[in-house]
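Asker: Mind looking over this structure? Questions follow.
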Ligand code: SF4
Ligand code: SF4
């Protein structure tokens, strides 16, 4: 705790957080249609009102003044915008460490050279599987060959090779081969990110969730690979919280280090926060980020621990996880202030146990996947797919 105390409706917050991480979700448009996408299921309502280049530049300047150091440029597919070069160059001038998070679609020699000149530090490329069949199925596209070409281009331009692989039932048995492929293409970092269930992946949860046995095997294979390659490649294995006993410290705490500006300019403390009831999120078009971060009711709402109920309020572990994820608590239990159901001490933990059982039910697991695309998003917005969302209190 430091020398600063803010006041939230009379409740003290013991320190002055800074938004060290700024994530710019510059567009929700995307040529891929991933079954596990964490983007909001109503993204189609945010594709016609994207911020302009000038509005993005203003947001970058305001966030930098607040202390932001790391900038992630993501989407959707950020490369669908033709001003990413300008945004990167401005980020470079402002002194950000900038990471482009991309599927690779739209990355060309000309663009990557321009990014290099503009000071882009890092490119994170998503990969899906070692087989063409699974890559193309899970993304509902034909992008398998393109991924390898883009990986080679990134390497040629002397960027660290950073791969992100979302893990689910369709590729978890291939983890060893995926890691071998990463080694062959000279990866420096690989993130094996087990699916977290938000957005489209929540809709497809029973179809995507691996079994605990598959997970343990995948972790063992990863550890063996790590032993073999040593420091040559860093491998992160992000454990899925449904199989954990305690929840994650979501976003390292609400409004603690992380700020997201979405395609239409809404400012959020986490990807899914718009699902939470009773909160209005400010927009960069009409609010200064200093006010948003330091004073807006939405960013103050779950800072600190005054909002907590039992069992979190008196729990000896509350500093470790801050009660887990507010969005997951609301999506599954309907109560945003309750303990994350992932926690085995939560009165709603049975909801996680049921989800794990559902994923073992062959009938539920064989349901058709709802791919992330405009048509399905529109149907969800128009209430034509209500049977898909009946189990949840909202959808991100
Ligand atoms: S997860 Fe797939 S569909 Fe979603 S934004 Fe990324 S590439 Fe696009
Ligand atoms: S009861 Fe709450 S604070 Fe304690 S471990 Fe569970 S989620 Fe965390």
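Every residue, even glycine, has its Cβ placed from backbone N, Cα and C.
Pasting the relevant annotations from TrEMBL:
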DOMAIN    16-231  domain 'Radical SAM core'
BINDING   30, 34, 37  [4Fe-4S] cluster binding site
Asker: Restricting to the same chain and to sequence separations of six or more, state which residues have a Cβ under 8 Å from that of residue 30 ([4Fe-4S] cluster binding site).
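Answerer: Listed in sequence order: 37, 39, 75, 76, 77, 80, 103, 372.
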Asker: Taking the centroid of the Cβ atoms of 30, 34, 37 as the [4Fe-4S] cluster site, which other residues of that chain lie with their Cβ within 8 Å of it, listed in sequence order?
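Answerer: Here the non-site neighbours turn out to be 32, 33, 36, 39, 76, 103, 139, 200, 372.
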Asker: When the pLDDT values for the domain 'Radical SAM core' (16-231) are averaged, what is the result?
Answerer: 96
Asker: How many other Cβ atoms are found within 10 Å of the Cβ atom of residue 37 ([4Fe-4S] cluster binding site), counting all protein chains shown?
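Answerer: For residue 37 ([4Fe-4S] cluster binding site), the 10 Å Cβ neighbour count is 24.
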Asker: How many neighbouring Cβ atoms, not counting its own, are there within 10 Å of the Cβ of residue 34 ([4Fe-4S] cluster binding site)?
Answerer: 25
